[in-house]
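First comes the structure, then the notes that go with it.
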Ligand code: ADP
């Protein structure tokens with residue numbers, strides 16, 4: 001019943017979803033039901049009404065029209081064909097009005113139904129209003145002309161109000177329908193746009209899923225609380241490797257530290273770190289137990305919303321087991337070879353010392369020994385560097401050390417060793433700087449920076465050494481006016497075996513280990529080292545070490561004591 005009512009009240013949303021035939025029948029039904037009501041009323045209270053032939057023909061025509069509505073396949077006919085029904089409705093209405101005469105008044109008002117239908121159809125709006133008006137006029141005038149009585153102004157204007165009322169109703173319905181249709185058009189347009197958006201979003205989702213599952217790295221997106229929002233198949237594989245089944249939390253996975261055995265503390269596991277908003281790259285973790293253990297390099301990046309606030313992170317897991325194995329093999333090889341080289345080299349250096357110390361050496365022998373000695377020193381330095389690199393973290397014994405003194409000594413040594421007369425040294429070190437460091441190791445760093453400054457300044461220039469207390473640390477820098485480096489080269493300058501193409505092309509001796517070792521030494525002290533460089537203008541290498549005492553004065557006093 002609700003449905004019927006809602007259709008009858010022209011609940012357009014549902015009404016438009018019906019078939020055309022159903023809509024035609026429902027549009028005709030109010031008139032047919034009202035006629036039925038009049039017929040029943042007439043049968044009960046005004047029997048003489050049923051004696052009127054015109055009335056009965058009108059009712060019959062109404063029944064025929066309803067049957068036409070039901071039987072005609074409207075959808076196969078041109079769209080506006082159904083308008084013939086409201087047009088024809090005026091005929092039975094006219095007949096019934098004429099037949100009812102004065103027995104039942106107001107039957108002419110039934111014209112309101114076809115008028116509403118015509119106006120609400122939205123088709124040919126002006127013609128529909130005109131037809132409604134003229135047909136209503138026809139209803140009231142036809143009996144005047146057909147009745148045989150004299151046509152007078154009085155008889156013509158007797159029911160003149162009806163067509164105008166119908167016109168007013170038609171206009172009102174037309175205005176309401178137009179506004180409703182406009183609203184409906186807007187809603188339909190929005191509906192279409194929404195549909196397009198939904199399809200687009202479904203397409204993107206399929207694309208994302210395909211891409212995410214076809215890459216060879218594990219992926220996981222987590223919200224701010226660390227709850228997974230998206231994972232891919234590769235990650236499931238890694239999780240299975242670490243004993244993680246189903247939704248097992250990260251804390252239950254077998255994730256180990258570098259030794260492959262000590263469990264990685266929960267707070268240092270990648271998803272947990274990502275959930276805390278940390279951004280990291282190349283964070284190595286050992287997944288699963290031996291012998292199936294894999295090394296994964298993990299990285300995390302923040303996801304932000306349009307307002308720029310964090311709404312989660314994406315964590316990637318990349319299997320680098322082969323790379324790590326190869327690097328370990330390389331380190332082992334370097335360590336073995338340098339060990340093997342060290343023993344014969346020690347013997348060579350020992351005998352060289354003996355030979356160069358011998359009296360009465362012929363000058364050509366002495367100069368030959370000098371060349372051998374210089375080259376064996378270079379070889380020795382290389383072997384020491386290689387061993388030190390293979391060792392990993394250098395051993396240090398930090399004690400309060402007068403860094404100013406150390407810098408002065410090392411600059412003096414560099415000046416002595418310097419073979420390029422176009423290089424000038426300038427030492428602007430503040431006195432009395434005491435750092436907590438291993439003097440021989442930091443000396444090694446200074447030697448390396450100073451010798452690089454000379455080596456990579458083939459055209460000469462000033463090498464300036466500065467040391468001062470900065471932000472509670474000792475800062476020491478070596479600046480040259482040499483070849484400098486490009487921004488690209490600068491990124492790899494502290495990597496093992498790194499050499500700039502300029503250094504290689506100019507055949508400047510070196511293997512690219514000095515800075516990697518210097519970095520390891522400074523970092524072992526809890527310090528930092530960095531480099532600024534401009535190609536063709538020069539470079540500045542700066543390292544910072546912790547101060548031995550809270551303040552310099554305090555330290556000077558304690559030294560004096
Ligand atoms: P080595 O000097 O033995 O090659 P290092 O580790 O000390 O090794 O330096 C690595 C590379 O960095 C050098 O080969 C050189 O290309 C570049 N480099 C280092 N210091 C400087 C500098 N002061 N100016 C320009 N390039 C430098």
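Each position is counted from 1, following the chain as shown.
Here the Cβ of each residue, glycine as well, is placed from N, Cα and C on the backbone.
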- [ ] Look up transmembrane segment in TrEMBL and report which of 4-24, 25-45 it refers to.
- [x] 25-45
Task: Range among 54-74, 75-95 that TrEMBL annotates as transmembrane segment - done: 54-74
Open item on the list: Just to confirm my parser: what is the rounded mean pLDDT across the domain 'Histidine kinase' (336-549)?
Closed with: 92
Task: Contact set, same chain, for the transmembrane segment (130-153): CB under 8 Å, 6 or more residues outside the stretch - done: 87, 90, 93-94, 97-98, 108, 111, 114-115, 118-119, 159-160, 162-164, 166-167, 170
- [ ] Give residue numbers and ranges for long-range contacts of the transmembrane segment (103-124): same chain, 6 or more residues beyond its ends, CB-CB under 8 A.
- [x] 10, 27-28, 30-31, 34-35, 38, 41-42, 46, 48-49, 52, 79-80, 83, 85-87, 89-90, 93, 96-97, 131-132, 135-136, 139-140, 159, 162, 166, 169-171, 173-174, 177-178, 181
Open item on the list: Which sequence-distant residues neighbour the transmembrane segment (54-74)? Criterion: at least 6 residues beyond either end, Cβ under 8 Å.
Closed with: 20-21, 24-25, 27-29, 31-32, 35, 39, 42, 81-82, 85, 88-89, 91-100
